[in-house]
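Peer 1: Below are the structure tokens for one structure; questions will follow.
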Amino acid sequence: MQKLKLYGFNNLTKSLSFCIYDICYANTNDSRNSYISYIDEQYNAIRLTKILKKTCSIIGANVLNVFHQDYEPQGASVTILVCEEPINLEKVNIVNKSNKIISSSVLAHLDKSHICVHTYPESHPQSGICTFRADIEVSTCGIISPLNALNYLIHQLESDIVTIEYRVRGFTRDIHGIKHFIDHKINSIQNFMSHDIKSMYEMFDVNIYQENIFHTRMLLKEFNLKNYLFNINVKDLSKKEHSYIIDLLWKEMREIYHGKNISMIKKI
């Protein structure tokens, strides 16, 4: 697509949203609590901040403000305010460890962009299934495209199930005053995925082209039971237990992948 000559600022808002899920089986309350503590530490606020800062670098955004927080009993949040223009350090809010704004300037620019992540560890009360979910949103204005960080984020989070939504909102005008409701070609989020990611996941799309909304759901193809057991040795399982846990995990993953409750099905 030929580069548009715009009149003023590019007012299109491009938002890339992820829901990523990590599934595990833990057969005791202690094991489930240990898993939640483990996964909570794996995705703590410090590590997530590093991932999001790298995301900023990949999409060519400048960091204006960073806030991160770990929660009790579990969960973490990170929010980064970014822009596409070079940074004027005198106008940047710097938050210290006491969550106090050091600089006197308060940012209130509606044309700025943001990247945020929130985590949600949880477990089933009876079955032993544990699920970790992280929500990530990369929302940009101007020429910055969040799609440039798509492959990096998928690789960094190494998830069993991923749901992705990309949408473009608003419009921008060219030098002739004509409105443009999107400024690049796309018919699927999969257009921007690397070959190795496409080979790793089963995927399907639900797209609303007239609204510039694109949705892709992903399920990891490779299933090895030992990768889903927490504090359990697969060799210690009976044949019946082995089959039961596989069916339980497969049901959980399929329900999340399709977004609805289903009857117990066997993994083929």
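We count from 1, first residue shown onward.
Glycine is treated like the rest: Cβ placed from N, Cα and C.
Swiss-Prot lists these features:
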| type | residues | note |
| --- | --- | --- |
| ACT_SITE | Ser113 | active site, schiff-base intermediate with substrate |
| MOD_RES | Ser113 | pyruvic acid (Ser) |
| ACT_SITE | His118 | active site, proton acceptor |
| ACT_SITE | Cys141 | active site, proton donor |
Peer 1: Sort Cys141 (active site, proton donor) into helix, strand or coil using the DSSP assignment.
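Peer 2: The residue in question, Cys141 (active site, proton donor), is strand (DSSP, three-state).
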Peer 1: Would you mind reading off the Cα separation of the residue listed as 'active site, proton donor' from Ser113 (active site, schiff-base intermediate with substrate), to the nearest angstrom?
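Peer 2: On Cα coordinates alone, these residues lie 6 Å apart.
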Peer 1: Just jot down the residues in the same chain as the residue listed as 'active site, schiff-base intermediate with substrate', at least 6 apart in sequence, with C-beta under 8 A of its C-beta; none if empty.
Peer 2: Ala61, Leu81, Val82, Cys83, Glu84, Ser139, Thr140, Cys141, Gly142, Ile144
Peer 1: Would you say which of the active-site residues His118, Cys141 has the most Cβ atoms within 10 Å of its own Cβ?
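Peer 2: Selected residue: Cys141.
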